[in-house]
Amino acid sequence: MRIVYSWLQEFLPDAPGPERLEELLAGLGHETETIEHLPAPDPKIVFARVLSVQEIPGLEVRRLLLDAGREVQVISGAPNARSGIGVALALPGAVLPSGQELSVRKIQGLESYGMALSPRELAVGEYAGGLLEFPEAALPPGTPLAEAWPEESVIEIEITPNRPDVLSVYGLARDLAALGLSLVHPEPRPKTTALALPFQVWIEDPKGCDRFTLSYARNLRNGPSPLRAQRRLYAAGMRPISAVVDATNYTMLELGNPLHAYDARFLGQGIVVRRARPEERLVTLDGVERSLDPRDLLITLKQGDQTLPEGIAGVMGGQHSEVRPDTTEVALEVAHFDPVSIRGTAKRQGLKTEASYRFERGVDPNGQVRAALRFLELVQQWTGAEVGEARIDLDHTQPPQPIAFWPSHTNRLIGVEFPADQQLGVLRRLGFEVVGQEPPYSVRPPSYRMDMGLEEDLIEEVARVLGYDQIPVTLPSFFPAPDNLGVDQPYQAKERLKAVLAGIGFQEVVNYSWSSPETLAKYRAPAPTVAFANPQASDRTHLRTALYPGLLQTLEFNLSQGEGGPFLLFELGNVFQREETTHLALLLCGESVPGRWQPGLGGGFYALKGLLENTAAHLGASLKVQKEPFAHLHPGISGAVYWNGHRVGSIGQLHPGIAAQVELPPTYLAELELPLPTLKSRFKDVAKFPAALRDLAVVVPEAVPYAELEALIRGSAGEALEGLEPFDVYRGAPLHPGEKSLAFHLSFRDPARTLTDTEVEGFMARVIQALEAAGYAIRK
Amino acid sequence: MPPNVLIGEAMDTQAALQAIAEASSLEALQQLKAQYLGKNGLLTGEMKTLGQLAPQERRERGRVLNEIKQRLEQALAERSHTLEAQALEAQLEQESVDVSLPGYAFPSGGTHLISQMQAELLGIFRRMGFSVVEGPEVESEFFNFDALNIPPWHPARDMQDTFWLEGSSEFRIHAPGGQPTRDQGRLLLRTHTSPMQVRYMVEHTPPFKIVVPGRVFRYEQTDASHEAMFYQLEGLVVGEGITMADLKGAITELARGLFGSEARVRFQPTYFPFVEPGAQFGMWWAERERWLELGGSGMVHPNVFRAVDEYREQMGRPRAYETLTGWAFGFGIERLALLRYGIPDIRYFYQQNRLSFLRQFKP
């Protein structure tokens, strides 16, 4: 919200300067976004009256004769130039806000001795389609505009959604006054005459509309509004239209109640407030024809037995009864509508107006009459209107309920010691009615504080006015309830995993949680199960089902940017299949220890597997891989990962079909689901007697995996077998094609004594027997 | 010095010692050793003849021969040491490397900057006795909004632009206690970490202190200073007699942890529907001489406690929260990292994952 400083001063005569004001506002919870200083117009920009407008045959521009204390001729293309209005005239030598210095110049061959300015040219507004229009006698002709438009400051404040009561100059002043500043209350007093009100109002839905006032004024001349009012409207971010329209906006900005003025000629018998009927349509003020929803609350005009939609209540009026330049009599609506209803309608219609913005947050249900009087006072001053005394006021509002308040509760919740009378004083200064001699006090909020419902709300009021900087600094000291102990174990496990991976050379990356079906399909990941209802972009339509596609995309991007390896990447994040689970994905591309001037080390499947084994070793886990195909992996170079005996994921080479499609070199991937099953470490005594070492080579068909031989050997060697390591895999003569020889180191040890050769030979005989029984030959 | 005893014709002790001293290689020395002291060596041969001598003569000659043997052995050992030292020296001269060439490029690895920032912050809170827990990224409307005192019609829903989701029939959201006990509303990507307040309270008994790090999402276009995905840190303390002063204390500790013992903290009123009173907090950033508005906080709103207790009751657990007080805070983590390291564009974090960016930061 933009607050014009001089306007605020009208209600807070002792207001400090804008910069100090910013601090006070922050202390109250109103954050300042910017403070803008608007300069006064250049002294050579003067007020002038349009005396005559002369068409120039064959040209689009016209010759204006202006009275600027002396007669001045300018050439202008402005469509709204006409005799009888006041304008802002820049004389030769004037410097415009754009920096342009004006001189006598020729426009389409005709001399122009100045320039009549549009709002944009004077940098007060966006509008550039016509001249700023002032009342004809706003100033003596030739007076510098700066005399009526001195420099001004505008404070732009972010108002939180709970505080619609400060969405006005007076509302903000009222809140600031709680700090002890003296406040001038608005008391508008138009001169009224005994005019009968020629309309009636019927409310069909008192829940949707619990307050409706209608006032009447006539014999007005709807010209431009005064200079100062226009300055303020522009500064507040609105465009002046005409005195009547400007008076509604001016009043809303000043007091916070939205108002709507109707040209009374078109009001028929009066207004009926009702919900829309199916299929009903309406052209709103912005020229858009809208189809209405039965939940929308309407202003309709009664004509005979019919009620014709005229406006969307609290959102936007209709074209039929719009106030025009020739309007001479107006009916003024100041009402209160159900915020939830207005919000629903505004959302459905995609219409956000100054009125709907205020109504959906909550407008003072008790400020309607004051706002109406202020409007009538302004219209009377600005247009000479005759104001009727009679007014319709249909009131179904409920006064706010009182809240029980113990000042000691403030001190208990905030941790302060504010005296009770100080607290009650704050509430009174904020407009609360405090009743009672001792706690609980009965505190009734003012009608405009719709955010007050609980004692905690009152406590915040006390604390914010007395100042959050009064709150001391302490620390809570207690022991948590038992069921909270150990809750951080899962997170610690993740941190440990990350630390190990980083320690053995993997770089963590963090990718988005989303993907698209096309991307997931390209990498042969599971199809998505969760879609965005409102997708942002074509590559952000679903949630990811696996991490490795993101790792591959990271790799592709890094390669495309010329980043050097080693490419050992990991990501730990959540994926979404049947439910949300946490995954760990690893990627290796190239060698894990890249060559520099000597050859690199450790690439390929066994490098990634080794790194994963190393990770498991760091975490005290066993790791096994069993051959198993996965859609995204090379069918011959892939397997399931078993962590402490549990199947947790996959490892293998990226399927060459995918790699070719995305033009990646051979890349190795692993993806595991967390949490990884853990085993508790147990003490085993260190070796005190020597181990006996033996070697053994077995000839087996190519398809027999190492794991099978390992199982046979471990199953037959007996408990003394301590270590089993493969040290050679051989293919070629004298073996037959399709055969391979696997050679093992075996180590035997007894914890309590030295094994004899005879014993060890016995173990070996058992191993050899088992292998031969399985049909495999021992290589001599 | 023993006399230069001639032992037979072939052996002259002085000559033997000289030959040892002049031996030019370990091999030659080995030959000399064999020649004199080997199984069939000259001295060994002489020793073997001792048995034929008379006792008196044998003793005398035995002493002489032993003396000679010791001298030869000593000379052999000395020469051997010298030759070995020379050989080593020669070898080392050959073996010199260019130590200025780099070693093997063992990868150093590392965590993402956001993980490092998170770890630092969690460290500060763990020292204050907080436990770290996490919640799901896909949330229900109920936990993300309704239970946090943000009903559907509430204007505060506009404060957080939401990624609404449509789950297929097979997708299941996590519900406390296994099964949802009430209608969860629509699915969404959580807009803040605050839903974990409700989830945690539903499942645990007060008092406790927790912090919740995690991803949150806003329906926003990505540019240099805006991301649709970012990380928040949420804190929640509930117990008997917990005050806003305690909140200020914890935030002050956070500031000191980040900016040193001179750090200052500023609290200002603001509005979040799930706290009352609410406060935004800022920290004085001495290096840049300005306040850094960091996040929001406040005393847990009674409506949140009520929603928790109602949910607990539906789950068959006792109501536990309505009579207590507590506070919560939340703030975004990226901005701290951006400011600390002078990173101009948040897109470096997740949109790009350039290795030359990620590798710059070590905890």
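The backbone N, Cα and C atoms fix where each Cβ goes, glycine too.
Some features that TrEMBL has for this protein:
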- A:39-146: domain 'TRNA-binding' (DOMAIN)
- A:398-473: domain 'B5' (DOMAIN)
- A:Asp451, A:Asp457, A:Glu460, A:Glu461: Mg(2+) binding site (BINDING)
- A:687-779: domain 'FDX-ACB' (DOMAIN)
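Here the features listed in TrEMBL are placed on the structure.
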{"residue": "A:Asp451", "record": "Mg(2+) binding site", "Cβ within 10 Å": "19"}
{"residue": "A:Asp457", "record": "Mg(2+) binding site", "Cβ within 10 Å": "19"}
{"residue": "A:Glu460", "record": "Mg(2+) binding site", "Cβ within 10 Å": "29"}
{"residue": "A:Glu461", "record": "Mg(2+) binding site", "Cβ within 10 Å": "26"}
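Summarising model confidence by region, the domain 'TRNA-binding' (A:39-146) averages a pLDDT of 91. For the recorded site, A:Asp451 (Mg(2+) binding site), the DSSP three-state label reads coil. Under DSSP, residues within the domain 'TRNA-binding' (A:39-146) fall into helix, strand and coil as 2 helix, 40 strand, 66 coil. In terms of DSSP helix, strand and coil, the domain 'FDX-ACB' (A:687-779) has 29 helix, 33 strand, 31 coil. Broken down with DSSP, the domain 'B5' (A:398-473) shows 33 helix, 10 strand, 33 coil.
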